[in-house]
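So the structure is just underneath, and the comments pick up after that.
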Amino acid sequence: MRAVLVLDLSLIAIVGFYLLLAPYTKVEESFNMQAIHDMLNYGVFPSSVLQNYDHISFPGVVPRSFIGSAAIASVVKAIDFIYTKVAGSSLLEDTELGQLNVQIIARAVLGAANIFGLVAMRRSVDKIVFAERKSKVKGAIGFAFTLLLLSQFHLNFYSTRTLPNFVALPLVTYGLSKIIRGDMSGLTWLAFTGTVFRLEIGVFAACIAIVSSFGFGQSNIVANLFLLVAGSLVGLVVTTSIDSYFWGHLVVPEFESFRFNIVHGQSVHWGVEPYSAYFSKYIVNFFRPPHVLVLAAVGLLNDPAHDGTPMTFTKDNKIVISHPARHSLRILFFASIIFVAIMSFQPHKEWRFIVYIIPVFTLVAANGLTNLFWRRSRLIGHKFLLLLFFGSFVLSFVFSAFMSYISSFNYPGGDAIGFLNTYLDENPPKHHVVVHMDVPSCMTGVTKFTELHNPLIEFDKTENEEDLSRKWNNFTYLITLVDMSKPQASDYVVYDPNHWEHLALVPAYGGVNAVTFLLTAYNIYNDPNLRYNFILAVWNDLKQGQFNTLESLLRRAIVLRDFMFVYKRTAQDSMPAIILLKDETNIEVEEFVADTEEPFLGSIEPDTIKEELNDQIDDLEVIVEQEIVEKSFPTLEQ
């Protein structure tokens, strides 16, 4: 019991560490994060306050549900109420970084909900293990489940991020925890979640119902259908009533999303991939190294809920259910495979669309690991296999930690506005100033939580270039992707670099540099003085609760590129001639689309990092070979 508690605390610590490592958010998370901000700062009633909400000015391509945001905001509001009573001040009061602390608390609330769902799955599987009912050792599969979760990247790094999929994930895992125990009412939770948050969850629920009924005969298809319909109807009533209020018209967000992306096929504009991509790419990326996939195959061989009784049939050839939880892990696993196969028909693919299978695969793998451990023998091959899985786990943990670290450099917009907020706190304006943030900065970390709530400071997110040119001379500060030292690319916005003071340059992730890192580590290992000084520096850091020396070493493995710039106006720019012509003669001007040479920041793909590492390791081998030759044959040197 204590060991499981330690693992739970370790999971909380890892999720919390990743949250603090990368406190900013990306554009995919912005809708929910902006909604949470608006609910906390403007309230919900009367309806007139909704005019202050971000979605009024930036509604997005399709409407999204406010229900998840409302739930998180309610918890944060309760925390703020308690904090205000104890500390005498509100969390919503600005710090030098705006309300970034509130954004972190909101994300922590979501992270706690996701951890709760995973713990519910662990407790459910521990309750159904028949072999442990008379054993002094209990909870082995749950222990292995949590252990395997600790080494994973996607769940731990993203569980605090307000992507719709992860806002829905706590309800998904809670529903799965019920199904694990043989309680098919979990289908109701999944159907509700699918109707409100993500329709693919409803597809997952239908797969589970079909596999359970027709594949393993563990439930009645009519009863399952009733549970699915009931959950969907409740979800429909809830989302229609609540979301229609916030959007100001009758709407069911997920139905609108389905119509836009699937019926009209608009999702293809975000990229298409072959049918096999989920199986050959995304599932593999979930589990690197693939020990979870190997263990899952082993886990299917044993049913933890099997009570030893043979399968019996009625006169009309129907299976008699002796244990409601029997085959539950197999049901969820095969339902996950079918779910992914169905989702693969959609040309546009993203890993988060199938993220719900990660806990299922991990749980089945935990069952496999437990069986391998309990059935261990004196054979060297068996011991070597367990050692191999342990090494794979450690490697997976290191890989996940490295992925999380480099991902923290993927939010330059947040770092840029953080710098500017500190600058404005140290140099408070005496008159009204306007801060303009361009689209790339807003997509890489800027939210309303990161904006200072100061009446003298206005934050502007104008996107249309023609509108931008009209407001241009009103901007006092600028956060932009544009490097003003290079020739300008816009016909609308004309600026003089001499009229802008460069305040800061914010870098972003640009790649990996394994050669420099490994050579540095190699030199530290070989040089006794370097090794001693390095260990001493690390020890001194640890005594102060810091990791500066280790971070400095790790930074050598990462290549950063110039990405975001912060400027302060020193003089007015001239009005663009093209705008003056349009004002005077009404000449129609073609829409200008700015083209930048710099690739935009996307998600960091493990495959890309793997290819870069392979190439650089090849280069490193050449360097090492040359060094060996030089040391072995010094006479050959010129």
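Placement of Cβ uses the backbone N, Cα and C atoms for every residue, glycine included.
Away from its own ends, the transmembrane segment (5-24) comes close to residues 100, 103-104, 107-108, 111-112, 114-115, 118-119, 143, 146-147, 149-150, 156-157, 159-160, 404-405, 407-408, 410-411, 413-415, 444-445, 447, 450 of its chain (Cβ-Cβ under 8 Å, at least six residues beyond either end). Per TrEMBL, the feature transmembrane segment maps to 5-24 (among others).
Marked as transmembrane segment by TrEMBL: 100-119 (among others). Within the chain, the transmembrane segment (100-119) has long-range Cβ neighbours (under 8 A, six or more residues past its boundaries) at 8, 11-12, 15-16, 19-20, 23, 25, 33, 36-37, 40, 72-73, 75-76, 79-80, 91-92, 146, 149, 155, 159-162, 166-167, 169-174, 177, 359, 418, 447, 449-450.
Here the transmembrane segment (140-157) has Cβ contacts under 8 Å with residues 3-4, 7-8, 10-11, 14-15, 18, 22, 114, 118, 121-123, 125-126, 129, 132, 286-288, 292, 295, 304, 351, 355, 358-359, 362-363, 365-367, 369-370, 373-374, 393-394, 396-397, 399-400, 403-404, 407 of the same chain, all six or more residues outside its ends. What TrEMBL records for 140-157 (among others) is transmembrane segment.
According to TrEMBL, the transmembrane segment annotation covers 187-215 (among others). Residues 65, 67-68, 164-165, 167-168, 171-172, 174-176, 178-179, 221, 224-225, 227-232, 234-236, 238-239, 254, 257-258, 331-332, 334-336, 338-339, 342-343, 353-354, 356 of the same chain lie 6 or more positions beyond the ends of the transmembrane segment (187-215) yet place their CB under 8 Å from a CB of it.
Feature annotation from TrEMBL assigns transmembrane segment to 221-239 (among others). Counting residues 6+ beyond its ends, the transmembrane segment (221-239) has Cβ neighbours under 8 Å at 65, 67, 184-185, 187-196, 202, 205-206, 209-210, 212-214, 252-254 in the same chain.
The transmembrane segment feature in TrEMBL is assigned to 353-374 (among others). Only residues 6 or more beyond the boundaries of the transmembrane segment (353-374), in the same chain, are considered here, and those with a CB under 8 A from a CB of the stretch are 117-118, 121, 125, 140-142, 144-145, 147-149, 152, 154-155, 158, 165-166, 169, 172-173, 176, 180, 198, 200-201, 204, 278, 282-283, 286-287, 291-302, 304, 329-330, 332-333, 336, 339-340, 343, 346, 382, 385-386, 389.
Packing against the transmembrane segment (386-406) from elsewhere in the chain are residues 18, 21-22, 147-148, 150-153, 156-157, 287-289, 291, 294-295, 369, 372-373, 376, 509, 512, 554, 557-558, 604, 606, 609: each is 6 or more residues past its ends and has a CB under 8 Å from a CB in it. Taken from TrEMBL, the feature transmembrane segment covers 386-406 (among others).
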